[in-house]
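Okay, structure first, notes after.
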Amino acid sequence: MTTVNAPEFVRHPKLIAWVEEIANLTKPAKIEWCDGSEEEYQRLIDLMIANGTMQKLNQEKHPGSYLANSDPSDVARVEDRTYICSQNKEDAGATNNWEDPAVMREKLNGLFEGSMKGRTMYVVPFSMGPLGSHIAHIGIELTDSPYVAVSMRKMARMGKAVYDVLGTDGEFVPCVHTVGAPLAEGQKDVAWPCNPEKYIVHYPETREIWSFGSGYGGNALLGKKCLALRIASVMGREQGWLAEHMLILGVTNPQGEKHYIAAAFPSACGKTNFAMLIPPAGYEGWKIETVGDDIAWIKPGEDGRLYAINPEAGFFGVAPGTNTKTNPNCMATLHKDVIYTNVAVTDDGQVWWEGLSKEVPANLTNWKGQPHVNGEKAAHPNARFTVAAGQCPSIDADWENPAGVPISAFIFGGRRADTVPLVSEAFDWVDGVYKAATMGSETTAAAVGQQGIVRRDPFAMLPFAGYNMADYFDHWLNLGAKVSEKAEASGNKLPKIFNVNWFRRDAEGNFVWPGFGQNMRVLEWIIDRCEGRANAVETPIGFVPTYEDLNWEGTEFTKEQFDLITNQDRDQWVTEIESHTELFNKLGERLPKALKERQAALLEAVKTGF
């Protein structure tokens, strides 16, 4: 039997008993209680270098930075192996995979039995959100992966201080993770242990997360998507708040007015770039600051405003396509202390990925550890960097404010080659919820499967909602109604809701909108709409700006180009709105009536209004 030996700073009997229970099941060779110290971090890094899991990069060019290359079978989230095991199948809904919790527990008990043999179990305490914030929640992850332990130190508030907040009886979300590769005595380990069989399982009622077989970020860093979205969305519904797949940014104009915006885009649609946007020429005196690039927890305040925190402490960003032109702030964030995964490396120990430079360096080693062959990808399309958010030059002064920051507007956007205009404002909260509920995006490399097909991704939460999607829509509608009453009483108003699409293409298939820093022009219009300053034209699908309503100083983007990405085609929109029925039918009886009514009204407006 493995000895638990909890250190003095752990004073929580229930937690200690749980660690003992999991140790008896998984049978690790030893248990290590992580304290989050620099010494511990370096020791685990050195251990992984010795094991071949990580390599030290050129310390002049990449001080404190390391590279891990995963097994080629373990490179992305595995949505088809991700389960919501609610007691009642209906509570998981048609967009989630469900298994009876009793059946799943039996299955997982079999898989986890002895799964950590020959390995160390790391007890990783973490807070999602600033320590002690009323919006924050604590998790404890038990993992046999040192890669997870060091990554969690960057991605969450990880360490001894968590136990001070937890005390002797504080609540925590129990997270169990194994790579599913036990070692027999004397057996040599591989560089990236994993198992062909993978399960990422959530039990919403008991707030448990169990992950088997994968060492990759989203499947193994259980504070991220598993706790911060799937479990937290269930908690939010019960407690009256939102857990969302959203970036949060602050915008300050030259007059010193500041607004915070939360924006939801599916994975690999530019959340990190937008969160770290640098205003273009013509926007001197404007400032964009970053609160978060991926997840927002949003709670109603007493004044009827919605306040958001970034529950994470780091960025787990997609490397390919990131460079000093597309995201200078991100590149500056990567100046030191980064864990890279599945990027390529030069012969002098510098990282490289597609899009970092036009020229492909000579003598490159690809993400599989082999010499790079021209015409093949040197870095995996879903290669990642893990870095502390505090290193970002555009980080907002209030990014760790335990009270959160007040949200003025929500933006929703997907990757669409046609139909959806550059920007539109919803008529009201219900209309905005409808647009977010039916947003579509072309699939990307962040999830396993086919690329380039339009799929409905409601609120960019399709892979992340921890309960029935129809109930999730209902929660948004109800929250809006409740907060609206409170806001009016305090002289405030609900955030406005906008849709954007940076990805319209011309007849030749090229992107028309330059994107990146130029998205500031759309952002300025959005803020001015929140302030009641900007003009717009009412169309059947919302309020849209004319060419003259946007600020074009410092650019030569023409009216003809603008018309290409804002024109609305009646037939395309009829097809679009009719195609929403497929999602609505899938969601069945629980779909809020207000959304069916909105669809009918929108279809009528589009048929007669264009």
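Just so it is clear, glycine is given a Cβ too, placed from its N, Cα and C backbone atoms.
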For the Mn(2+) site that Swiss-Prot lists with His245, Asp294, give the additional residue from the candidates Lys225, Lys258, Lys325. Lys225
Given Swiss-Prot annotates Arg77, Tyr216, Gly217, Gly218, Asn382, Ala383, Arg384 as substrate-binding, which of Ser127, Ser133, Ser267 belongs to that site as well? Ser267
Among Arg237, Arg415, Arg504, Arg533, which residue does Swiss-Prot name as a further GTP binder in the site formed by Ala268, Cys269, Gly270, Lys271, Thr272, Asn273, Arg384, Phe516, Gly517, Gln518, Asn519? Arg415
Can you give me the Cα-Cα distance between His245 (Mn(2+) binding site) and Cys269 (active site) in Å, rounded to a whole number? 12
Within 10 Å of Gly218 (substrate binding site) by C-alpha distance: pick out those among the recorded positions Lys225, Cys269, Gly270, Thr272, Asp294, and say none if nothing qualifies. Lys225
Fill in the CA-CA distance, Phe516 (GTP binding site) to Arg77 (substrate binding site), as an integer in Å. 26
Residues near Thr272 (GTP binding site) by Cβ (under 8 Å) yet at least 6 apart in sequence within the same chain, in sequence order, are Leu247, Asp293, Asp294, Phe315, Gly317, Val318, Thr322, Asn327, Cys330
Counting other Cβ atoms within 10 Å, pick out the least crowded of the binding-site residues Tyr216, Phe516. Phe516
So which other residues, same chain and not among Lys225, His245, Asp294, have a Cβ within 8 Å of the centroid of the Cβ atoms at the Mn(2+) site? Lys224, Ala228, Leu229, Ser267, Ile295, Phe464
Based on Cα coordinates, which of the following recorded positions are within 10 Å of Asn382 (substrate binding site): Lys225, Ala268, Cys269, Gly270, Gln518? Ala268
